[in-house]
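Here is the structure we will look at, set down as structure tokens.
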């Protein structure tokens, strides 16, 4: 089998231009792609392997897994890759379609190949009619395939061929025309009005791909029982089509703030610069959100609730996905405990990762802060942080940089886990039903998180510090964690706890609100945060938080480290503050600031990005809030619900199932799922069970 020359119109972009983003995917290697192909190809002819329609759609893509699947639908979808239209897919065709999936307009090109039934790079009237007549929409509300709309595109005799560029406009206009034809069918007398139930029926059938649960459930309520006029109907469908534009109008009105509520007048004023949005559409928008919130104001979350989900959100695969409750109303006390346990577990792992990455910096910071001036001559061992780093490696080896890591990891698990869990928990309790939270509540949530960790982490912090400075003492006795615990006793393990509170409460009160707002500022126009923006937001938020609480950290370190012979001893926070000021001056309170910032900033950046990415990968819906900036995951009745990506979906095929779902959800081209045996087999194809 060979691919016909007519396929040359499909531009396969160079691999260098295919980047790993929701829209552009990196091409898979030929050898790996061939390995995947041979795994699913079940037919051999002339020493060549081929995929059948079922091999490609049902086995490889994982779609139409029902026993009573619809043969026609499977063959239509397989025909997208089967450019020779002989019912079989060769490796060349398999690879060519993978390249197409990497193109920036892959959604439209995939739809075009669905309609290009002859594989000649054009869509004829017969091709278009054949596919349209097989869709669920046409079976419910038949479209006139002999009307003026069709003749305007295909000519009076319907013999004109449509190329790819023209097809994209045809597909866009088709559903708008279908909606108007449906309105006319419900208004045979030409009054210009239809009933609320007829309005609901049309929208559910024709605009099904644009409906979220909030919109679908309020289609009759939004009419307030009145008849629906044709202008209202057109404005309503236009609003559904233009929700992404509405979001941009909102962001213009709020100067990029996604949590600021706006009034109808504010949104109307911002919409004046965008002529596509009419006052009637704004009225309908507030009617839709008003049936749910009834506040007279809307924010970005309201728009997200009524905006159709974009198919590209499904390209990022999750390793696990669990739905613990059907709706937020089902959240019991037990479910909330499970949610906190889930966050605690992820926070423990994220904290361990963050601490390990920056531990050498932490050790240098501790030694610099413990270095005292004025007690006796020759005590200053390190000129600066870099000098300390070099001397540790020279005298103690590279592993010396990780002295005390084990108790640190033991402490980091409860510390970061409790801090992240309590912050999330308090934010949830102080947020309104839209998920918005005032700044004072963010500060309070952060402060509570900082306070909660001290009771668990102070003992491990003091052991860690004593082990970190142990390498400075020339002694034959090796200091171990357990010997430090026995020496200190229970109450001794909480030495410096007040200083810990003095440090950790303001740190978290500064850090978490700063992180939340920085993350929001760095999100894309859809509110989504790429992992790199999460890392950057976490690192940026750590700079003011770590630097401003350094004096408290210095006092805590002095209280927790054993004073050597001749060194000043301290009895408490206030005593340490007075003696450090008197003996070393105010600059002593800022010792190790640079090392602390360089440790805390990247540590919290790594910790937060790990924490949020794990919530994306191991997704559990407890009916509560998810981290803002994560992929939204709304239930969708599309091909996506029937198949999911596997490890064999490599390169462009990572987008195959989401793109096919997008063909349905963006263009409304839903294909029937059931009805096995409804059509005869395509020549050359085989059918499996």
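Each Cβ is built from the backbone N, Cα and C atoms, and glycine gets one as well.
Annotations in TrEMBL come from automatic prediction, not curation.
Taken straight from TrEMBL:
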type: DOMAIN; residues: 103-138; note: domain 'EF-hand'
type: DOMAIN; residues: 174-209; note: domain 'EF-hand'
type: REPEAT; residues: 338-429; note: repeat 'Solcar'
type: REPEAT; residues: 437-521; note: repeat 'Solcar'
type: REPEAT; residues: 529-617; note: repeat 'Solcar'
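Same-chain residues lying 6 or more positions outside the domain 'EF-hand' (174-209) and placing a CB less than 8 Å from one of its CB atoms are 132, 137, 140-141, 143-144, 147, 149, 216, 219-220, 223, 225-230, 233-234, 236-237, 240, 308, 637, 664-668, 670.
A mean pLDDT of 76 is what the model gives for the repeat 'Solcar' (437-521). Across the range of the repeat 'Solcar' (529-617), the DSSP-based residue counts are 71 helix, 0 strand, 18 coil. DSSP assignment over the domain 'EF-hand' (174-209) gives 26 helix, 2 strand, 8 coil.
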